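Q: What follows is a single structure, and I will ask about it in a moment.
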Amino acid sequence: MYGFEALTFNIHGGYLEAIVRGHRAGLLTTADYNNLCQCENLDDIKMHLSATKYGSYLQNEPSPLHTTTIVEKCTLKLVDDYKHMLCQATEPMSTFLEYIRYGHMIDNVVLIVTGTLHERDVQELLEKCHPLGMFDSIATLAVAQNMRELYRLVLVDTPLAPYFSECLTSEDLDDMNIEIMRNTLYKAYLEDFYKFCQKLGGATSEIMSDLLAFEADRRAVNITINSIGTELTREDRKKLYSNFGLLYPYGHEELAICEDIDQVRGVMEKYPPYQAIFSKMSYGESQMLDKAFYEEEVRRLCLAFEQQFHYAVFFAYMRLREQEIRNLMWISECVAQNQKSRIHDSVVYMF
Amino acid sequence: MSGAAAIHASSWAAALVRISPYTFSAIGIAISIGVSVLGAAWGIYITGSSLIGAAIEAPRITSKNLISVIFCEAVAIYGVIVAIILQTKLESVPSSKMYDPESLRAGYAIFASGIIVGFANLVCGLCVGIIGSSCALSDAQNSTLFVKILVIEIFGSALGLFGVIVGIIMSAQATWPTK
């Protein structure tokens, strides 16, 4: 019952909610980012990070560091936090936490299939997969020739199986089809997650609906922009948009017929939350769009912590950590390549 | 004329006044302690689970935030005190006077007193527990917030005190008929 969750939430969720809020206190602040941006090389970065929660993960790394090592170890911290929370959780929180992984599973599946298409070694691809999205038999994906085989050999035993019903064709896997497959899977996953949160009710469903709707709308805009000028037909493009969100259904109809970025801007400016995002960019500029979307996402995720006694804090924490890892990767790359003037192009500050 | 009082139009009323006033008194005393302890326990687990989790990353909050648990515990103590006071109000009356209006009044007064205290302490315990949970989490993030949220908790625990005061006043005039 909305409003009375405070009475019973702490029975199963009180301890974990307190833990996740403790983790949130360990996220890097603007002051930390400023320190990192002043670094001259990767060893400086390692030294600054040793004062944060990442310290124990980076301290044993030998001196010539690579940026990929930094990112890998920071991701390991995220995975450890997640696994600790997952093993302590009961239903329905454990199902909620599992849903957070499915997005990474989809990314890993697409990574391996694309890599196999381009004749890469399976072991090399497995190392690049995100650890949260690993499942048994993921290596068998390299054997499949088309989507039906993909499903029958590997994915039918994974939690992604129900998302495949729209994807089962016998076409061979090529770059275009793989992108379509990725977006179709992700669409099914977002709708499933959305329905699950609606069933949970209360503050969880209210906050998660807002966060997932933003995610769906952002993906719709990205799909539109990325498919301008490709052979993707309007009907196919419309099929990739999710069935919820602020843009559903009228915004989707208008987005499906867009042919360039200014038309997309015209469609989005009809919706006040997105008009604020697009107004930050001048005409014809699309590189800042990603950063503007990330900033808006971070703002909404931080707001999720304002309420107590709901599950959306877990989702928000995972997403904020991922954003932080992206920030660290960008900063490390800029420092390693001596391009510190470009650091502020892509770092999203949280608090 | 005490027998004439038993003739009423509806049979429910007749049945009600034939229930012994001691039944009502005993139930009142049971509710005063039982439901108060329910409220206190509920509040303590709400606070305690958040406190334990938050103390992992911020161990400094443990000693100060035990105050929230103590406020919840006070609610249970109110219930015990009022139950003890109420049971001292019970006196035997001879069976000829057991259904006298005065006797019934004394029984109802103790029953009402028990309900007042029990339910006031139930909601007070819940209130203090939920605020205590938020207090622990906020203190872990920013230690200047602790005292401010404690003030809210103090106002919350005053609710239990109101219940105790009214309960004691009610039970003070629970006088059984003299022999």
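Note that Cβ sites are derived from N, Cα and C of the backbone, with glycine treated the same way.
Automatic prediction, not curation, is the source of TrEMBL annotations.
Straight out of TrEMBL:
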- B:27-86: domain 'V-ATPase proteolipid subunit C-like' (DOMAIN)
- B:111-170: domain 'V-ATPase proteolipid subunit C-like' (DOMAIN)
- B:22-45: transmembrane segment (TRANSMEM)
- B:66-86: transmembrane segment (TRANSMEM)
- B:106-133: transmembrane segment (TRANSMEM)
- B:145-170: transmembrane segment (TRANSMEM)
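Surface or core, plus neighbours and distances: that's what I need for these features.
A: Within its own chain, the transmembrane segment (B:22-45) has Cβ neighbours under 8 Å at 69, 72-73, 75-76, 78-80, 82-83, 86-87, 89-90, 106-108, 110-115, 117-119, 121-130, 132, 167, counting only residues six or more beyond its boundaries.
Cβ atoms under 8 Å from those of the transmembrane segment (B:66-86) belong to residues 25, 28-29, 32-37, 39-41, 43-44, 47-48, 51, 110, 113-114, 117-118, 121, 124-125, 128-129, 131-133, 135-136, 150, 153-154, 156-157, 160-161, 163-164, 167-168, 171 of the same chain, restricted to positions at least 6 beyond its ends.
Long-range neighbours of the transmembrane segment (B:106-133) within the same chain, counting only residues 6 or more positions beyond its ends whose Cβ lies under 8 Å from a Cβ of the stretch, are 20-25, 27-36, 38-47, 49-51, 65, 68-69, 71-72, 75-76, 78-79, 82-83, 86, 89-90, 149, 152-153, 156-157, 159-160, 162-164, 166-168, 170-171, 173-176.
Same-chain neighbours of the transmembrane segment (B:145-170): 32, 61, 64-65, 67-68, 71, 74-75, 78, 81-82, 85, 109, 112-114, 116-117, 119-121, 123-125, 127-128, 131-132, 134-135, 138-139, counting only residues six or more beyond its ends whose CB sits under 8 Å from a CB of the stretch.
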Q: Per DSSP, what is the residue count of the domain 'V-ATPase proteolipid subunit C-like' (B:111-170) in each of helix, strand and coil?
A: 57 helix, 0 strand, 3 coil
